[in-house]
Amino acid sequence: MTEIITLSRARRGQGGRIHAVEAIEANPADALELERRLLEFGLVEGARVQMIHEGPVGRDPVVLDVEGMRIALRRHEVRGLSLALTGTDAAE
Amino acid sequence: MSDTAITVALVGNPNSGKTALFNALTGSRQKVANYAGVTVERKAGAIKAPDGTPMTVLDLPGTYSLRARSPDEVITRDVVLGRRPEDVPDVLVVVADATNLRLVLRLALEIKAVGLPAVMALNMYDIAERQGLRIDLEGLSKAIGMPVVTTVATRKRGLEQLLTIVQGVLASTAARPSTWHEPDVGDIRAAHREASRILSAHVKPPERPDTLTGKIDSVLLHPVAGLLILLTLLFVMFQAVFSWAAPGMDAIDLGLGALGGWVAGIMPDGLLQSLIVDGLISGVGSVLVFLPQILVLFLFILLLEDFGYMARAAFLMDRIMGGAGLHGRAFIPLLSSFACAIPGVMSARVIDSKRDRLTTIMVAPLMTCSARIPVYTLIIAAFIPRETVWGWVELQGLVMFGLYAAGILSALVVSFVIRKIFWRGAFEPFMMELPAYKMPDPGSVALNLWQRARIFLERAGRIILPLMVVVWALSTFPGPPPGATGAAIDYSFAGMIGRALEPIFAPIGFNWQMVVALVPGMAAREVAVAALGTVYAVADAESAVGTLAGVLSLQWSLATGLAFLAWYVFAPQCVATLGVVKRETNSWMWMWVMVVYMFALAYLAAFVVYRLAVAFGLG
């Protein structure tokens, strides 16, 4: 049973495969730009992702392990991405 | 073609070791300048191929895509596409971190569409081998359609082979017309699938993957330990800037003083002597004296950047800085500004996004730089009694601390206002890659440090020197009439300006002597101390602070003294900083915005302080 969550709500230790990529921004041009940047950093459908660090204030920004690369981003930048969780070797 | 050198452009992701490869190829034969019209560095080096063919190597700003998102990436795109006439490449070298191929493969696919002959340099190949990463070089080369060469830039391995293959590919492949177009989201997804296919076909995952970076990160990015380490690091850096730089600063001060004395001795008294000694030597000296601090500061910044820590510091600070509308990366430039706003403004280049960089530059001079210290010290010595309050706090130290705090607080407020008013709702993603930790290469740190020093000195020469001469001329001409009794500066243009401006400054409690001192004080903040000395006819005021403080405490009211301090928290009394701001923003407009807003804040602050102090009976 795979659980699908929004990537921006993931906690440290949670990981899985990117289920869908969509960028949410008020301005459509910004949303398109954000989506392209996310894709350029390897956040594509099917990519293996794990949240490995959370920032000291408000658990934001976060560091994601994306197919072996470490990408730092703010949570609100990935609120349009959904993650199909795999086995939770969670720290929580 | 035969008489011109082959132009080779290095393209790659940030942190791929591209600059290390460039340094290994060109060594000290590199020229660093700005691209015309933008503040992006152009790095080029003339070298010879193993067979003697002349080559020009260009180090283009790192990028993940030719789809340019920042001014730096626009340069990369334009050069790659042959749109900049000064740099039209014949061959493109895609520099790849052999241990981190996924994103660069996508870039390589884009580069292939450009149609120029291209070669991939698999850099850091020694690390890949150590990790037991197996790369099928031939298969990879076929799949991406360009020759693949393995290199280790830090050990200068594979360089000759790379250059030979660059020549070979240039001789054997004709450039095809470009079919590149800006990739849309569908193209990027397709390119990623292609890159994944190539990776799984030709690259076996490492047997001994890098676990060190993860281990270091678990400490350095720890929510509590990470912040503590960051603060400790900053404390050490700050201490070093002041203590390590002190001998150098003293030496420069002493050397220039001796030079001035020597020139004064061998030259007849008169205008020319005054121009050289009071204008040029002491003017340049007041800027040159900050060189040691700038070098120490940049040494730290370069080491931390090369080690891979800067991106982590930005990560830790992003939320804290973000409250004021600043990017996490703004942290280092603002910190540097405590020593001097010039390196602070210069190091704002680490921020990719144009708006965040501009905000950072605009608030950097509000941080209390070391040139304010002599002014603060003088006024505090004159007006703040040496008392202890609440049993243990020294009042003079408390006032000093308050002035620092006022600087920081105002920087945060101003950046918040800039964000809310000018760039309301502007979209600036934070996203960045955290590179693997690496030992900094001493050679490349030294080279970089030398380049920073040269840039600073060139600016001191080109912008600051003429301005110093202007300030000198204002305080010298016209000379006092025969039989004049006051100080010479009273009769000069500076004196006239001071008296003319006096009515404007009267509401904030400044007398005309103070206003006169502010004119030469535009050269640099601490010059105001010497200028006050001149106006009040205290010889050698900078070394005789006690005497001058005594005079001031008799001549000024406490309210005036406090207003003067408030003025100095904000006023942009430093033409050197303004010159660098003009240079770094490439705009007179932003420089004037800075001048106006800082003078406005200074006036307002001095007014409020003066009126409050008078109301409390301290006038």
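Counting starts with 1 at the first residue shown.
Just so it is clear, glycine is given a Cβ too, placed from its N, Cα and C backbone atoms.
Just so you know, TrEMBL annotations never went through curation; they're auto-generated.
Quantities reported herein were computed from a predicted structural model and do not represent experimental measurements.
Straight from TrEMBL, the features:
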type: DOMAIN; residues: B:5-172; note: domain 'FeoB-type G'
type: TRANSMEM; residues: B:224-245; note: transmembrane segment
type: TRANSMEM; residues: B:251-268; note: transmembrane segment
type: TRANSMEM; residues: B:280-304; note: transmembrane segment
type: TRANSMEM; residues: B:324-346; note: transmembrane segment
type: TRANSMEM; residues: B:358-384; note: transmembrane segment
type: TRANSMEM; residues: B:396-418; note: transmembrane segment
type: TRANSMEM; residues: B:460-477; note: transmembrane segment
type: TRANSMEM; residues: B:515-539; note: transmembrane segment
type: TRANSMEM; residues: B:551-570; note: transmembrane segment
type: TRANSMEM; residues: B:590-613; note: transmembrane segment
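Across the domain 'FeoB-type G' (B:5-172), the model assigns an average pLDDT of 91. Within the same chain, residues 233, 237, 240-242, 244-249, 252-253, 256-257, 259-260, 263, 310, 313, 332, 336, 339-340, 342-343, 347, 370-371, 440, 445, 448-449, 452-453, 456-457, 460, 464-465, 468-469, 471-472, 523-524, 526-527, 576 sit at least 6 positions outside the transmembrane segment (B:280-304) and bring their C-beta atoms closer than 8 Å to a C-beta of that stretch.
Residues 283, 286-287, 369, 371-375, 378, 467-468, 471-472, 474-475, 487-490, 494-495, 497-499, 501-502, 505, 545, 547-548, 551-552, 555, 568, 571, 573-576 of the same chain, all 6+ positions outside the transmembrane segment (B:515-539), place their C-beta atoms under 8 angstroms from a C-beta of that stretch. The stretches the transmembrane segment (B:224-245) and the transmembrane segment (B:324-346) meet in space: the count of Cβ pairs below 8 angstroms, excluding pairs fewer than 6 apart in sequence, reaches at least three.
Here the transmembrane segment (B:551-570) has Cβ contacts under 8 Å with residues 366, 368, 372, 375-376, 378-380, 382-383, 399, 403, 406-407, 410, 508-511, 513-514, 525, 528, 532, 536, 538, 598-599, 601-603, 605-610, 613-614, 618-619 of the same chain, all six or more residues outside its ends.
Within the same chain, residues 242, 290, 293, 325-327, 330, 333-335, 337-341, 344-345, 348, 351, 395-396, 399-400, 403-404, 407-408, 410-412, 414-415, 418-419, 423, 524-526, 528-529, 532, 542, 545-546, 548-550, 552-553, 556, 558, 561-562, 564-565, 568-570, 572, 574, 577, 581, 584-585, 590, 593-594, 597-598 sit at least 6 positions outside the transmembrane segment (B:358-384) and bring their C-beta atoms closer than 8 Å to a C-beta of that stretch. Outside the transmembrane segment (B:251-268), and at least 6 residues removed from its termini, the chain residues within Cβ reach (under 8 Å) are 276-277, 281-282, 284-285, 288-289, 291-292.
Residues 234, 237-238, 241-242, 245, 290, 293-294, 297-298, 301, 310, 313-318, 353, 356, 359-361, 363-371, 411-413, 415-416, 418-420, 428, 430, 452, 455-456, 459, 574, 576-577, 580-581, 584 of the same chain lie 6+ residues outside the transmembrane segment (B:324-346) yet bring a C-beta within less than 8 angstroms of a C-beta in it.
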